[in-house]
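Trainee: Can you read through this structure? Questions will come right after.
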Amino acid sequence: MEPQSNAAATMALEKEKLSSEVHSKPGSANGTTTNDNTDSETGAAETTPTPPAPAPAPAAASPEHPWPQGIKLASILAAVVTAYFLVFFDIAIVSTVTPPITSEFNSLVDIGWYSSAYTLASSAFQPLSGNIYRHFSIKWSFLVFLFIFEVGSALCGAAQSSTMLIIGRAIAGLGSAGIFTGNATIVANVLPAHRRPRIMGINMGIGQMGFALGPILGGAFATGVSWRWIFYLNLFLGIPVAAGMLFNVVPEAAPKLPARKVLGTAVKSLDLGGFLLVSPAAVMLLLALEYGGSQFAWNSSVVIGLLVGAVVTFGLFFFWERSQRDTAMVPFAMLQHRVIRSATLTSFFSVPGILIADYYLAIYFQAILNDSALMSGVHLLPKTMVMVVATILTGALTQKTGYYLPWIMAGSALSAIGYGLLSTLTPTTSVGKWVGYQILIGAGIGASVSGPMLAVQNIVALKQMPKAVSIVLSMQNMGSAIWLVVANTIFNNELRKELQAKMGVIGLDPSEVISAGARSIRHLGLDQAGVGAVVQAYTDAVDRAMYLGVAVVATTFLFNWGLGMHNIHTVKREEIVDKRAQKKEEASKA
């Protein structure tokens, strides 16, 4: 009898816990947040704050959300992490395979489009991908985006013309948008919050490995076999990704309507009106940034027209989104939430901090130290490897302590110091110094880069995760595009100014030197003094670009604080809804 009475008491206690769950909490000034208990990670909500748990209980399947376990969990995580590697790898390979591609297709004029087509498609589709994951099966949405990505890679590998290659890059970019959103969404749906940081650290680290290995493997394939095989490699790596998802179930936060019903109301449910506004706005902005200062002057009618068109269309988009309230692709209630707003602004500045160093260290190695493209990639490994280790270590520390903000702040400080030291590079800087500078900036970026996404995953209800994730990723894309263009403008202006000042020694017009490219400055027929002057001009230009890196990563300090000193072991998720829409709905029910 005693076991039975204990069991009855246990059941009664569980019922009491469930009946006392808190279903709402006071809203902010701009929006209302409600506790989403269908996404509970512990099985019962807390009615009073509890101290941080030093050793959270192992993840067990809660009554509300069936967390995968064992080999099923491992195979799902392996699939999404490999997919993350693939998209970063695909972004990075173009830099080293472009020369043989342009030689085969005689397409030097198209060189910018091999990267831009990918970026434009990804940025334009990123906001919609969140709504797709919100309304359709997470598993099958991810597999469809993976298929699109692989089709694009196959077209690139089989391309018979430059145009076909550009189309393939655009299709792959569209697929990558969904893979990025799906990656963070799936991790949030298969792991409770207290187990997420370590995996997100590994995830970001593996992605950076793809970014580092892309130029190295791209150069090796282009030299030893064919540039086509670097795209075909994506197809082989995609097989285990597809298998890991096909034979497993990704739990959903809430039941979803059949796909046919969603498609029947797609204009409203997917916010296609918003997509038809934000997509051309993003494309116009990115085209203006791509053309400005290169193919067209910044004050040309083409660039000004694109910028004006982008501003007007973005304005219409925001007006439309405000009218759509909680069904919007970018709900204003989310933008008004402090953590999400801070995460988007932090990402707008922090992710470009990775790319500026990569781009201009590559120029430093190739133009100033006379590295080949392959050796330039090798010499960037200290930064990348340290970044990988720091990202994984920070994830583990966050999981252990429950706090992410201290590591984000420390990482931002290290990144700013690292960029400051990189701005002192000279043609005679020792190997030990530029390796040490890379280690410092790699540690800083690694410690801070995954923090904003962790903050969003930690605070947002699972069923709203895709939208929140796509908002952060869209700002990452936009920030990367904008700040790389600003860095390029600073670099080119400084380079032209320095070449003009040294023209008496160089003996060539600055335009001739610039058009020759960074790898060809020693093949211009200049004497030793002339080559030295050109090298110094490139050095000064790289240093000025690094100044921007200091400013960009230092700016993150302004927004990091908004992420909050939250403990992932105790904080409760919130369903973020529009306050006015909620009041209207309550009034109609009354």
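Glycine is no exception: its Cβ is also placed from the backbone N, Cα and C atoms.
The compositional bias 'Basic and acidic residues' annotation in TrEMBL covers 13-24. Under the heading compositional bias 'Polar residues', TrEMBL lists 27-37. Residues or ranges marked as domain 'Major facilitator superfamily (MFS) profile' in TrEMBL: 76-568. As annotated by TrEMBL, region 'Disordered' applies to 1-64. The transmembrane segment annotation in TrEMBL covers 76-99, 111-128, 140-160, 166-190, 202-223, 229-250, 270-289, 301-320, 340-360, 434-456, 468-491, 545-563 (among others).
I'd like these features described in context: how deep, what's nearby, how far apart.
Mentor: Outside the transmembrane segment (111-128), and at least 6 residues removed from its termini, the chain residues within Cβ reach (under 8 Å) are 90-91, 94, 98, 101-102, 165-167, 169-174, 176-178, 180-181, 270-271, 274-275, 278-280, 282-283, 286-287, 290, 294-295, 329-330, 470-471, 473-474, 477-478, 481.
Counting same-chain residues at least six beyond the ends of the transmembrane segment (140-160), those with a Cβ under 8 angstroms from any Cβ of the stretch are 80, 83, 86-87, 90, 105, 129, 132-133, 167-179, 182, 186, 228-229, 231-232, 234-235, 238, 241-242, 245-246, 250.
Same-chain neighbours of the transmembrane segment (340-360): 208, 211, 334, 380, 383, 387, 408, 412, 415, 418-419, 422, 441, 445, 448-449, 451-453, 455-456, 459-460, 468, 471-473, 475-476, 478-480, 482-484, 487, 491, 542, 545-546, 548-549, 552-553, 555-556, 558-564, 576, counting only residues six or more beyond its ends whose CB sits under 8 Å from a CB of the stretch.
Using a Cβ-Cβ cut-off under 8 Å and counting only residues 6 or more beyond its ends in the same chain, the transmembrane segment (434-456) has close neighbours at 184, 196-197, 200-201, 203-205, 208, 339-340, 342-344, 346-347, 350-351, 353-354, 357, 361, 364, 379-380, 382-391, 393-395, 398, 404-405, 407-419, 421-422, 425, 465, 468-469, 472, 553, 556, 560, 563-564, 566, 568.
Sequence-remote contacts of a segment are chain residues at least 6 beyond its ends whose Cβ falls under 8 Å from one of its Cβ atoms, and for the transmembrane segment (468-491) they are 119, 122-123, 126-131, 133, 177, 180-181, 184-185, 188, 282, 285-286, 289-290, 292-293, 329-330, 334-335, 340, 343-345, 347-349, 351-352, 355-356, 359-360, 363, 452-453, 456-457, 460, 541-542, 544-545, 547-549, 552, 576.
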Trainee: May I ask whether the transmembrane segment (76-99) has at least three C-beta pairs under 8 Å with the transmembrane segment (202-223), counting pairs 6 or more apart in sequence?
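Mentor: As far as Cβ distances go (cut-off 8 Å, pairs 6 or more apart), the transmembrane segment (202-223) and the transmembrane segment (76-99) touch.
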Trainee: Please indicate, using numbers and ranges, the residues of the same chain that are 6 or more beyond the transmembrane segment (76-99) and have a C-beta under 8 Å from a C-beta there.
Mentor: 68, 111, 114-115, 118, 142, 146, 149, 153, 169, 172, 176, 179-180, 182-183, 186-187, 190-191, 199, 202-203, 206-219, 221-222, 227, 230-231, 234, 237-238, 240-245, 248, 250, 362, 373-374, 377
